[in-house]
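Feature annotations, reproduced from Swiss-Prot:
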- 91, 96, 175: Ca(2+) 3 binding site (BINDING)
- 229, 230: Ca(2+) 2 binding site (BINDING)
- 292, 299, 323: Ca(2+) 4 binding site (BINDING)
- 345-514: region 'Domain III' (REGION)
- 530-700: region 'Domain IV' (REGION)
- 542, 545, 547, 552: Ca(2+) 5 binding site (BINDING)
- 585, 587, 589, 591, 596: Ca(2+) 6 binding site (BINDING)
- 602-637: domain 'EF-hand 2' (DOMAIN)
- 615, 617, 619, 621, 626: Ca(2+) 7 binding site (BINDING)
- 658, 661: Ca(2+) 1 binding site (BINDING)
């Protein structure tokens, strides 16, 4: 219940603008400005209570309290490590980013790429902080996390051994922005050790909010040059590198002056007419400018004399230091990997870029309710969350005779790094895309059933199911309606996710979910309509007051239930019996009269019939997926979120729902629905309650 309230509050805050980059959400409620003022006024340095400088911040296994790697660690402030510490001195460069005793080279590569773009760097590393002006031992950094920007505060106590920083450090030793950035990112993920192992694209995304894709250049798709051109037109960040096979090859220079294991950026892609044939050229930038390519199409290559003078002048006149052209074929031959970080529209201030259209959807998988696993599990696959996307406009690409809509889908699983210390790790995740058949076109209130997926083949799917934070693929499909089904590979795994769709043209999306409905039979009867035999039975059961209390009801029902061999149950609980009395006690006596007991008896017989019919394996019990069908048979259509709540509330640890819990669930739903319908006299779907009424209803 508390989690639902928190999620609703977060949703409302986001609608008001919280989480956009200009309104980053204070992580763990820590406000940088207020905390710094408080420290300055009190004449003290900040100590972060939410990420204390101690063993837990380092890690849980290899960097745990009993590890030899953490013995002798001392937490020091930069002012204790050198006489004149600087936050950033002379601009952020690669020499500020030297790896320490932590396997987070993926993160450092992303930070290095960040230094290539001052505008984006300034978003992650705010410049309103230093070791001189208003220094209070507190710093802050901003990261994108699953759809929102968060502002993470840290104190400047850093782990050291023998007087030197244990993790990221600058080569020169007196610059600390990169070490503090790493600490803030470690706090966000629970510990330093949680940062071990990852992909550069993960860092790219958390520093920009973009969606990152990568290509192995030895397996480049035939349209990669066109992809690069479009990415540059959209202001994307492009990086490339040459793989190394050993640490000794780091920064090794090839015979044609390319540096291995070094982050380059891609800044241009052009087609030129060279002596009657079209040549594809790509412009690369070595951000530190020491060495440049000496192969074909370098600055001094005679090939340029075979190009139209105006084109040559346009392509070569505004070189930045360290920037060079090379043939695209040479690029594919010499480089190993290309990474493209496609930026969100709000990141790009300039109007000269053709911006992506962005859709973001949050969801979750919950064991027994909405964690159906992949297509290999047809009995449960259909229970996964389903999302409708409408691709309404085709790309504006005159060179493409086929047409279609280009879009990227990225499925990110949330918070998995943080859960490593609890023995959790990344799930294996993926997704499938289905074309909406004509009979379902335009409908968003019908969660597609098992039969649909048994009779319809996926139009597209993720290239693989993989245990990384994100699985991402690029697609091109005709305009139309499609359903995306994200899932874990195996069923019944809990997790939260963020699904993003970047499309060249505007697209719309929505969650596909059943509209909440309740259709149960309400038959008014008079006492005269009740059979004499039932009246006689009631008289024997009710006693002298001619009414049945919840305690008497429990005794009666359990005697009857004990005789049933086809339903396994420990009997009705007193709580269930009280709920049944509450539903049917029209006169407020707290007991059931003849008519009320007759109505209840009819309901229980109906529930028994449903329970037996749904229990196809004749186990005498019902699992959580069968419960979904039982609810429909009883007249209820519920959303996926409600199914999650029902499983959490009424199923046991083996996802079994016995007859008592089945009845309690159905009675509670009927009671709540009737109360709402009574108060919603205008049938608007909304009611207004004050606190006392809210409390009255929620204690039922």
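The chain as shown is numbered from 1 upward.
Yeah, the Cβs are placed from backbone N, Cα and C, and that goes for glycine too.
Remote same-chain residues near the domain 'EF-hand 2' (602-637) are listed as 368-369, 379-380, 383, 514-521, 557, 564, 566-568, 643, 646-647, 650-651, 655-659, 662-663, 665-667, 669 (criterion: CB distance under 8 Å, separation of at least six residues from the stretch ends). Across the region 'Domain IV' (530-700), the model assigns an average pLDDT of 86. Broken down by DSSP into helix, strand and coil, the domain 'EF-hand 2' (602-637) contains 23 helix, 4 strand, 9 coil. Within the same chain, the residues at least 6 positions away from residue 91 (Ca(2+) 3 binding site) whose Cβ sits under 8 Å from its Cβ are 118, listed in sequence order. If you draw a 10 Å sphere around the CB of residue 589 (Ca(2+) 6 binding site), it holds 13 other CB atoms from the protein chains shown. Sequence-distant neighbours of residue 175 (Ca(2+) 3 binding site): residues of the same chain at least 6 apart with a C-beta under 8 Å from its C-beta are 85, 86, 87, 88, 89, 96. Counting only the Cα atoms, the space from residue 299 (Ca(2+) 4 binding site) to residue 621 (Ca(2+) 7 binding site) is about 77 angstrom. When the alpha carbons of residue 658 (Ca(2+) 1 binding site) and residue 621 (Ca(2+) 7 binding site) are compared, the span between them is 5 angstrom. Candidate binding-site residues: 292, 547, 552, 617, 619. Nearest to residue 589 (Ca(2+) 6 binding site) by Cα distance: 547. The Cβ of residue 619 (Ca(2+) 7 binding site) lies under 8 Å from the Cβ of 568, each of these being in the same chain and 6 or more residues away along the sequence. According to its DSSP assignment, residue 596 (Ca(2+) 6 binding site) is helical.
Highest Cβ count within 10 Å among the binding-site residues 585, 615: 615.
Residue 585 (Ca(2+) 6 binding site) has 545 as its nearest neighbour among the binding-site residues 292, 323, 545, 617, going by CA to CA distance.
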